[in-house]
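Q: Mind looking over this structure? Questions follow.
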Amino acid sequence: MADPSETQQFVDHPQQQQQQQSRLLEILNEPSQWLKMLCRELNTSFVLGVVLVYGLSQGFSGSLFRVVSDYYWKDVQKVQPSQVQLFIGFYYLPWIMKPFWGLLTDVIPIKGYRRRPYFVFAGVIGFISSIIVAAHDGISAVWALVCLVGVTGGMAIADVTIDACIAKNSIEMQSLAPDLQTLCGVCSSVGALVGYSTSGFFVHHLGAQGALGVLALPPAAVVVLGFVIYELRTNKRQHEKKAAMEKVWEAVNGMYKTIKCPGVWKPSLYMYFSLALSISTHEGQFYWYTDPKAGPAFSQEFVGMIYAIGALASIVGVLIYQKFLKNCPFRNLLFFAQLLYATSGMLDLIFVLRWNLKLGIPDYFFVVMEECVSRIVSKIRWTPMIVLSTKLCPLGIEGTFFALLMCIDSLGSLSSKWAGGMALHALHVTRTDFRNLWLVLLIRNALRLATVSLIFLIPRADSSDVLIPPNLLSNSLKNLDTEEEGLQLASVNEKKREEERLGI
C-alpha cells in the first residue's frame, strides 16, 4: 500500500510546476504591462516619442556617433587625443543652448503647434549634417567639426522638445516621475546596446567616414515623428511678435526667480561640479586601447563590443535604481554613488598600469569587467540627479527650466572634456606616447573623491517630496496659459476634458 504522504507529493508536484510557470509568465509579462500602464496614464504617441528620441536618436545614434567619430578623428583626420578632447567639447554647445530651444518650444508656437515643428527642424539639421560629412572626401577638420556639431544639434533640439513633455508630466503625475526616467534610461540603454554592437561592423566595412552616413537614419525618423505625434493645436494668436516677446520675458523672469531659490541653485551647483571635476580622459584611453605597441591593440569590432556590453550594464544600473533605490533620499543615495564612482575609477588606473596582467587577468576580460562596473555605477549616480532635476521645475516653464538645468549639466560635461584635454596636453599624452596617462587617471579619481565634500548641497528629500512651492510662479506666469500647452501628457480623462473644452 502506497504511503499517503508520497501520494500527496505526486499530487502537489504538478501544482507547484503550474505555479512556477505562472510566476515566470508574470515576470516576463511585467514589462509589457508596465508599458501599457504608461500608455494608459499618459498617451501612446508620447511614449512612442520617448522611445524614438531616447532609444533611436540618443541611444542608437549617440552610441554609434561616439565610436565612429573617435575613429574618424584618429584615422581620417589624424589629430592628437588632446585636440580631440577639445573638439568634443564643442559637441556640447547645442546642449548648452537648451534653454534657448526650451524657450522656443514653450512660448513660440509654429502654425499653432509647440512641439511638432521642432521635431521636424531637429531631424532636418541632423540629416543634412550627417550626409555632408559622410559624402565629402578631404573635408577640412573645421568643416567636419561644424557638421558633427550639427549632428549633436539635431539630437539636442529633439531632446529638449521631448524633455519639456517629460518634465511637465513629472510635475502633474509625481508618482510616475521615476517610471518616466526608467523608461528613458531603458530606451537609451537598449538603443546604445544596438548602436555599440553594430559600430565596429560599420567602421570595419564602411570606414569611419562612410559609417557617419548611417547617422542620417535616426534624424529622418525624428522628422516623421514630428508629423505623426498627436498634439492639440492652440487657438490663440501667439505667433504675433509682441505676444511672443512678452511670453519670453515672463519665462526668463520665472527662470531667474526660480534659480534664486536655495533649494534649486544648491543641487544645480552640485550637479555641475560632480561632472566638471570628473575630468574626461576618454580620448587618451581610446588611443591607448587601439595602439598596437603601448596598448592592448583592441580591434574595431571589439571596441564596439566593449561599449555594447557597457550599454547592457547600464540597463542593469537603471533596473537596480528602479527596484531598490528610487525611494531613497537624494543625499544619501548620491553620497554613496559618488564614493562608488571614485572607487570604480581605480580600475582604469589598474588597467593602464597593466597590473591586471600581473594578477593573471587577461586584457579582454578585465576591460569588460571595468566597463560594466563603471556603467552600472554611473547610471545609479546619474538617474537620481535627473529625477531631482524634474522636481526642481516650476509648472508653466517646465520645458525651459528643465532645459536650463540640462544646460548646466552640459556645461559640466564641456568643462570635463576641456579640462581633460588640457591635462592630456600638459602631461604630454599623444597619439604614440602614453607614459603619463596613468597620472591623468590618478588626478581624475582624486577629483571624483573630492566631489563628496559638496554633498551638503543636495536636499535630504526623496522623489515623493515637493521641493519648490507649487505657487512659486503663479503671479508672474499668469499669462502663459499652460493648460492649453503641448502634447497630451495628462491622463486619458484629463485629455478628454481638454478636448471638450476646445470643442474638438
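Yeah, the Cβs are placed from backbone N, Cα and C, and that goes for glycine too.
Predicted, not measured: the structure shown is a model, and the values here were computed from it.
Okay, these came from TrEMBL:
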- 46-65: transmembrane segment (TRANSMEM)
- 85-104: transmembrane segment (TRANSMEM)
- 116-135: transmembrane segment (TRANSMEM)
- 141-162: transmembrane segment (TRANSMEM)
- 183-204: transmembrane segment (TRANSMEM)
- 210-232: transmembrane segment (TRANSMEM)
- 269-290: transmembrane segment (TRANSMEM)
- 302-321: transmembrane segment (TRANSMEM)
- 333-355: transmembrane segment (TRANSMEM)
Q: Grab the same-chain neighbours of the transmembrane segment (85-104) for me: Cβ-Cβ under 8 Å, and only residues 6 or more beyond its ends, written as numbers and ranges.
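A: For the transmembrane segment (85-104), the far contacts come to 69, 73, 79, 118, 141, 145, 148-149, 152-153, 155-157, 159-161, 164, 248, 251-252, 255, 280, 282-284, 399-404, 406-407, 410-411, 413-414, 417-418, 420-421, 424.
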Q: Under 8 Å, at least 3 Cβ pairs, sequence separation 6 or more: does that hold for the transmembrane segment (302-321) versus the transmembrane segment (116-135)?
A: no
Q: For the transmembrane segment (183-204) and the transmembrane segment (116-135), decide whether they are in contact, meaning at least 3 CB pairs lie under 8 A, counting pairs 6 or more apart in sequence.
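A: Contact criterion not met.
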Q: With pairs 6 or more apart in sequence, are the transmembrane segment (141-162) and the transmembrane segment (333-355) linked by at least 3 Cβ pairs under 8 Å?
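A: Contact between the transmembrane segment (141-162) and the transmembrane segment (333-355): absent.
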Q: Mind checking which residues reach the transmembrane segment (269-290)? Cβ under 8 Å, same chain, six or more beyond either end.
A: 70, 74, 81-82, 84-85, 88, 296-298, 303, 334, 338, 341, 348, 352, 367, 381, 385, 388-389, 405, 408-409, 411-413, 415-417, 419-421, 423-424, 429, 431, 434, 437, 440-441, 443-444, 447-448, 450-451, 454-455, 457-458
Q: Can you work out which residues elsewhere in the same chain, 6+ from the ends of the transmembrane segment (116-135), have a Cβ less than 8 Å from its Cβ atoms?
A: 49, 57, 61, 101, 104-105, 109-110, 143-144, 147-151, 153-158, 161, 209-213, 215-216, 218-227, 229, 231
